[in-house]
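*Asks:* Below is the structure I would like to discuss, written out as structure tokens.
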Amino acid sequence: MNKIDELTPKKVVEKLDNYIIGQKEAKKQVAIALRNRIRRLSLSEDVRKDVIPKNILMIGSTGVGKTEIARRLAEVANAPFVKVEATRFTEVGYVGKNVESMVRELVDSSVNMVKKEMMEEVKDKAQRLVEERIVEVLVPSKKRAKAQPSFMDVMQLFNQNAEYSQNKDYDENEDENIRRRREELLEKLRNGELEDVEIEVEVEEQSSPMFAGLGPELEDMGIQFGEMFQNLMPKKKKRRRMKISEARKVLEPIESEKLIDQDKLIQEGVSRAENSGIIFIDEIDKITSKGVSSGPDVSREGVQRDLLPIVEGTTVMTKYGSISTDYILFIAAGAFSEAKPSDLIPELQGRFPIRAELSDLTKEDFIRILTQPKNAILKQYQYLLQTDGVKIEFTEDGVERMADIAFELNEKVENIGARRLYTVVEKVLEEVSFEAPASGEWELKIDSNYVDLRLGKVYGDEDLREYIL
């Protein structure tokens, strides 16, 4: 059983619990959807082709965890993931990006993911090649100019046999000296003794996109053609002077890429995008037509109709070849505060059979969000300030007070969910963050009194809190 087979729905939910508080139903549904994809891969070919993923529609107000659930799911499954906003697309024929661009982005993400894995596999070999290349720069071999023989050279051929053995001995001695010198420097290089030595290396010059500034759709096409032309043209190279420590970072990706099988990379990247890819479509409620059939709503419905074949399953042309969207998992999300899921066109509703409703966060949820997740908000600030020698301790009543203020602000001003916590915590720690670098090492206890001291004036003034918190 390999690593992906071990991802049972329960284990997926457990992993999601490390990052996301609450929303048990939504976690359960995405975990089942992921497991069904794993089950599908175990089926025979004739059955597998008929089993398509059941797409998910998440319904919940902003800041309750919709995006985070989808993003962490892709992370757990090590699957290619791309997030797009439905509002950025326009109907075919209008100025703007068309819906096929999301599939191209997914394939790019997938290929880059596979490339990163392959580069990690050849990392040791690439590092050795980089060291050899650096040593060759430090101790270059003798360059022998090969000019056309002159008349005098031809006349001297009679004496060449007599001189050949002497020249050969000289060349061999010189090559031996170069080899010995390189071995000495290689040992020093591996011991880190030469990191600050400056050398001159030859690197490929980065060229600007050929079709930039043409508008979203034409630019998308232009990038495909631009990369194709750049691959046909010889690469421009330039010489740069840098320290060996920097040269390692510049040369390692170049050497790693030479060791990678590009055909295998593209094949695996495309396959992973088609069979494991996840596309998260946010703000899908913003393209509902609400029963109106004129004005800007015509374009909104047009976007829905353009989305339909992508979600149903079609073939999209990309720079890596044709990509089938039949088995890509689509997760759509929206607050649906001013519209209902039933306002989507019926055909699109039918393509998102699983509905996951996310509940609004409570004060207790806020307390848990501040403290419980892996690298929770308060832990992040503690780590950041610790780098400047400041040790922060949050008391229980201090955490409760921040959660209480964030919850009340969501109730009275605008409900932005857990994002409100960042605003509150940032304001509480504003003075500390400003003073920390110049104050040396010190400790600070943040309790409810300190929170009120930092937020009292802003929180008490209705006009100020609307603009600042």
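Note: Cβ is positioned from N, Cα and C throughout, glycine not excepted.
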*Asks:* Need a hand: Swiss-Prot gives Gly63, Val64, Gly65, Lys66, Thr67, Glu68, Asp282, Glu347, Arg419 for ATP, which of Ile21, Ile32, Ile244 is also on that list?
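*Replies:* Same ATP site in Swiss-Prot: Ile21.
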*Asks:* Of Ile21, Val64, which of the binding-site residues has the most Cβ neighbours inside 10 Å?
*Replies:* Val64
*Asks:* If you count other Cβ atoms within 10 Å of each one's Cβ, which of the binding-site residues Lys66, Glu68, Glu347 has the most?
*Replies:* Lys66
*Asks:* When DSSP states are folded down to helix, strand and coil, where does Glu347 (ATP binding site) land?
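*Replies:* The three-state answer is helix.
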